[in-house]
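Heads up, the thing below is written out as structure tokens.
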């Protein structure tokens, strides 16, 4: 499937320190070590509604990582999926009296437009689950052949499940205890009470065909894939075993990322599906997580339709640290709009203070677990000096403008 158009990224002189990120599995900030080509997979949207600021904050996080890698001179192989086979999509389509494929196409196109507006760099491969059925079936066949999966004893609906004990290391990614896993599994799409399962935490790989649901033919019977195996199969096909970063929102730590890692590890015998597991915090409104199910969404398209500059939306989301759960508000947006106006005024000056030190500080802060609050504060200090005292460097404004564009994705 076609991705969206890429915004140009200015090339900067020099470089910054090695990128260090918090790894969910290791529970610490540590260096991100890659080869000449850095590999990253980020879980994409389920396209049944418009992009809200919680989505945007997640994809901005991995856009920052992409930009730090480009600044370091790396090639980046970035893959993102679209979960266009999932119950929420089918339920929304049924509610609205629309074909689920048409709904998915419409919302995916809106998402692409939102990402373009926010100047999020596109993935090299942007992959629908429906485009990946063959590789999903192949992966399930491998798990069945190895004993990592089984078919439940149900003549009517012989679903295929993953054995949670198929790998010795299951649970390392989240670090959760069994009680927490069981609770989250039930809350986030699992089916612990399904009769015939060997373990209540065994995850669905293939849902046998039901009346009124889309299905595809497979050697183990017609049906459709489970959620987690879609991502496992796409990663193995597009990037191979052992990627540098698997990413998404913190609500994907368990069960989704734990299981997608375990599925791949069960057939590759690798100890770690990804060298870094990176998760972005949740965005709230009025004290609650912003979510489609709660209905408290602030949508990117809604803000831009009101005339809000997408650069201000981006700055507002970058004002908080990516791992922190944080709230969006009218005050956050107003602060971002004021900051954007000051920055644009400063870089347009005919002369300003030297850009060298502030660019170095921004690089250093971003390399330290994407510390955007301090990076933005460093730029604020330069802007304050430029507006108050001017300077003697005629090239400084353009240099800061290019650095803000290249490293933060904000166009001044």
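A Cβ is built for glycine as well, from the same backbone N, Cα and C atoms used for every other residue.
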**Complete:** From candidates 4, 216, 227, Swiss-Prot puts in the same L-cysteinyl-5'-AMP site as 43, 44, 45, 46, 58, 81, 82, 83, 249, 250, 251, 283 the residue 227
**Request:** Scan 289-293, 294-298, 299-303 against Swiss-Prot and say which stretch is down as motif ''KMSKS' region'.
**Result:** 289-293
**Request:** Examine the ranges 187-192, 193-198, 199-204 and name the one recorded by Swiss-Prot as motif ''ERGGDP' region'.
**Result:** 187-192
**Request:** Please name the residue among the binding-site residues 43, 45, 82, 231, 283 whose C-beta has the most neighbouring C-beta atoms within 10 angstroms.
**Result:** 231
**Request:** Determine which residues of the chain contact the motif ''HIGH' region' (45-55) at the Cβ level, with the cut-off under 8 Å and only residues 6 or more beyond its ends counted.
**Result:** 82-84, 86, 88-89, 91-93, 103-108, 110-111, 114-115, 249, 282-283, 289-292, 297-302, 313, 317, 328
**Message:** Can you give me the Cα-Cα distance between residue 58 (L-cysteinyl-5'-AMP binding site) and residue 231 (Zn(2+) binding site) in Å, rounded to a whole number?
**Reply:** 17
**Message:** Measuring Cα to Cα, how far is residue 231 (Zn(2+) binding site) from residue 43 (L-cysteinyl-5'-AMP binding site) in Å?
**Reply:** 7
**Complete:** Lowest 10 Å Cβ neighbour count of the binding-site residues 227, 250 is held by 250
**Prompt:** What number of additional C-beta atoms lies within 10 angstroms of the C-beta atom of residue 256 (Zn(2+) binding site)?
**Reply:** 22
